[in-house]
Amino acid sequence: MRISITDLCNLRCLYCMPEEGVCKKNHEEMLTFEEITKVAKIAAELGIEKIRITGGEPLVKKGIVEFIGSLSKINGIKDIAMTTNGVLLKKYAKDLMEAGLKRVNISIDSLRPEKYAEITRGGNVYDVLDGIQEAIKLGMAPVKLNIVVIGGYNEDEVVDFANLTKDDDVEIRFIELMPIGQAGSWAKEKFISNETIKQRIGNLIPLPHQPSSPAKYYKLPNGKGKIGFINPISSHFCGECNRIRMTSDGKLKPCLHSNQEIDIIDIVRNNLPQLREVMKQAILAKPQQHYLYTEGFELGQRNMSEIGG
Ligand code: SAM
Ligand code: SF4
């Protein structure tokens, strides 16, 4: 289960957030940490074992360490991970790990300070690199780095990213740009398929596929780490998708690429015993596949920052 805990973020990535940010919603419209923990308990009773915390940027949310602590006490939850932009990771990594966070995926679309600042509209890449080093130092293994390749922006860095796996045991994952929210109108034009990236890196050794992972993994000859390709567009993995998402305003989303949402905020607040059945129905409502770029497909109404990726 992927749980977004906030729509807010300390960056403004071009493909994810509008420049002016998103409107801060009223307190009452958002699930509290206590309410999210109640949902997570029921999810665990239904058999969900892994929770990924995402956002917006999860580390901007006050009380995040204590929240991770409360999730880690839930019976049946075996793995708690987080997707973060890494800007505040150096500050929080140790406390998060002690609270029960097992792993982090860190998004970093460029290793070059100016380019990184351009893509994120103002971010400092050195903050993220410090966060990555801290996660490696603490043994949050495997540290995974998410890279969205955008035509004309960072496509010339794919080999530099791949080379990071030569000496460090990190997983580099190239994610294809998806036409969601901010990127809806231009993603097709700037799209670079993972096949193209694979060819640019060359000389990749395939590794066995893990069915629970959306990525197909390879390694460089003598490389320590792995290089993954997540291809939601060029060859979707819907048949193997077992994810259910929850937004910070309490909507269950059976599929990232569908506008179908099940509003549970009122149920969580006023009719908790009903939640189990509603969650079950949401899981069973997962579509067979997504329909991105097919005829009649409607672009999603939310930005990625409002879903959590
Ligand atoms: N702020 C955190 C971060 O950046 O990792 C977590 C939330 S962010 C929405 C989660 C992931 O979604 C990031 O790796 C980001 O690069 C990815 N993402 C956002 N918009 C995307 C898009 N249009 N296509 C592909 N990936 C996207
Ligand atoms: Fe923020 Fe993550 Fe979206 Fe970038 S991708 S704007 S860091 S939520």
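Backbone N, Cα and C atoms are what each Cβ position is placed from, and that goes for glycine too.
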ARG2, ARG52, THR83, ARG243, ILE244, ARG245 bind GTP per TrEMBL; candidate in LYS144, LYS188 listed for that same site: LYS144
Further [4Fe-4S] cluster 2 ligand in TrEMBL, beside CYS238, CYS241, within candidate set CYS23, CYS255: CYS255
Among TYR15, GLY56, SER107, MET178, the record's S-adenosyl-L-methionine binders - longest CA distance, Å: 17
Neighbourhood of ligand 1 - binding-site residues from ARG2, LYS144, ILE244 with Cβ under 6 Å: none
Binding-site residues near ARG243 (GTP binding site), in sequence order, restricted to CYS9, TYR15, MET178, CYS255 and a 10 Å Cα cut-off: CYS255
For CYS238 ([4Fe-4S] cluster 2 binding site): DSSP state (helix, strand, coil): helix
